[in-house]
Amino acid sequence: MTAATQTTTASRTEADGHRGTGWADLVWITWRQHRLALAGTGGLLVLTAVLMVVFGLTVRPVGRYGEFDRSLLDLTQYAIPGYAALIAVFWAAPLLAREYEQRTHLLAWGQDVSPLRWLTGKTAVLAGVAVVYAVVLGLVSSWLMHRLRAVLPDWPLIRPFSGHGFESSPLLQAGYALFGFALGLAVSAISRRTVVSMGITLALFAGIRVFVIENLRPYFMTPVRSVFPLGAEFRPGGRDDLFVGGGMLDAAGNEVDPARCAMPVGPDGDPYLCERQAGAVSHFVDVQPADRLAAFQLIEFGLFAALAVVLAVVTWRVMRRSPAGSVG
């Protein structure tokens, strides 16, 4: 056999090996390995959706906060922010770490499939299903919020900019799920220890979400400021607006530190004597109008989608630099 024939035969053999583990095979393997998590989460999602619908249909407009089953409210309060955390901690965080701990990566990443190809196949399936589930949750929870607002318009818990009201969006739920999956995967690739990955992922996911809610979300756009004369009756924005802050201003428009006035009422009965002496001439209130809700949701989705892309790049670089046989 000539050298050319040997080269051609080797090339064909290599090509046949790669064709032996195609994308369809990776999808099937992923389903076989993760069918319990996929089916279990799907079943839990269906049950949650049914109970949310029951909640919306059975709530009664009794008093300001209505009459309903408290357990259904608790379910809603946990499900809306908790789904993406579940994906991050229980789907993504163990994905690579468990392979390294059990040394099954030595078998999975053989000559016919590279680590990156293996990871791409698994990520496409799991992240895709996670996003589909998230969209379903977002649709059902969005319907529930609209239903509750129609029945209980004065309930602060379901206002558009409240935590549950704001995050009950298919777009946002998809963004949170993508971010959670990418975060868990990146931590898993770096730590290579299942329990450690799950703990770090949970801490980082919760910390980043809280940071965005408290420090970024209220300032996605410049707040609208309303100014009222000192002592005049004023209303801090509309019912559905997001209150950002308020205080007092001097004649030049500078904020006056309220801590400078310890006495609530002056000696002559003037409740604003101290404030006037400090130079205050007006109140101000900063709000985000309710008509900015869709824009804010789009901005937050973009933020978490961008974070997911960055984390995916981190995972790709770690996997590319790590030898297939390394345990870490």
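Every residue, even glycine, has its Cβ placed from backbone N, Cα and C.
TrEMBL annotations:
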type	residues	note
TRANSMEM	36-58	transmembrane segment
TRANSMEM	78-97	transmembrane segment
TRANSMEM	124-145	transmembrane segment
TRANSMEM	171-190	transmembrane segment
TRANSMEM	195-213	transmembrane segment
TRANSMEM	294-316	transmembrane segment
Can you name the far-off residues of the same chain, 6+ from the ends of the transmembrane segment (36-58), with a Cβ under 8 Å from a Cβ of it?
68-69, 72-73, 75-76, 79, 83, 86-87, 90-91, 126, 129, 133, 136-137, 140-141, 143-144, 147-148
Same-chain Cβ contacts of the transmembrane segment (195-213) under 8 Å, 6 or more residues past its ends?
81, 84-85, 88-90, 92-94, 97, 163, 176, 179-180, 183-184, 187-188, 300, 303-304, 307
